[in-house]
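Chemist: Sharing a structure here in structure tokens format.
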Amino acid sequence: MGASGSKKRSEPSRGLRERLLQTPGEASGGHWDKLGGEYLQSQEGSGRGQKSPSCEGRRYQQGDFMNTPWRAPAEGEKGSYKQQNMDDVDSDDDDLVGVPVTPRVPLREMTYRLARDMSHLIKEKGGLEGLYYSDRRRRVLDIYLEKEEGIIGDWQNYTHGPGVRYPKFFGWLWKLVPVDVPQEGDDSETHCLVHPAQTSRFDDPHGETLVWRFDPTLAFSYEAFIRYPEEFGYKSGLPEDEWKARLKARGIPFS
């Protein structure tokens, strides 16, 4: 039910969910079962769920992968962005994503229509729904779309929180929703503390564990801008003193 052109791009997103679940040295990952309200471990090829954690890769520091979703990067910045992206990704990340080092198609900027189409396409393939969010998984998604679709990864960012995090790029239909994760076993030496169910809250400045949720209404309502215009700075249309005061009141750093 995506927009026209989705069928032509059905092949690239095949296996995206498996790549997001896959971690270096492990064959499983985790997602949140909203029906059962519990963590499920997906074992590749087994089709079974287990209430046991698996391990995720190293934590990606917030701010290392900077996005500017409210504007398209200038043509001259594409080269520097590409170099930054390659510098940020190590060999383990390339193995994890499983896509070519060189993009299959020419690089292009994300657009509203492209974001909307890719959102529906990923939903049809079950790529993000219920997956725990982490900085590393966001990188995997960015790299995957760049290599397969040529989409420069200077677009994927969300509102600061706490609570539901709305995408700042209008047309991207995936938001981040906080969930409660049982903490029993956290103090056990055998408990895997580097699973995304555990590390997501450490990546988040508010200590919340987040999962991706598809929201088709985001195609028509720019919730990020409506609810939090101050996060867009000078692009918000607010007086500078006002948007800075709002950011300061929410504890969000600004320059």
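Including glycine, each Cβ sits where the backbone N, Cα and C put it.
Taken from Swiss-Prot, the feature compositional bias 'Polar residues' applies to 40-53. Here Swiss-Prot flags 87-96 as compositional bias 'Acidic residues'. Annotated N-myristoyl glycine per Swiss-Prot: Gly2, in sequence order. Look at Swiss-Prot and you will find 1-100 tagged as region 'Disordered'. Per Swiss-Prot, the feature region 'Acidic' maps to 87-95. The feature motif 'PxxP' is assigned by Swiss-Prot to 103-106.
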Chemist: What are the DSSP helix/strand/coil residue counts across the motif 'PxxP' (103-106)?
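Modeler: Output for the motif 'PxxP' (103-106) reads 0 helix, 0 strand, 4 coil.
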Chemist: Calculate the per-residue pLDDT averaged over the region 'Acidic' (87-95) and state the result as an integer.
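Modeler: So the average pLDDT across the region 'Acidic' (87-95) works out to 46.
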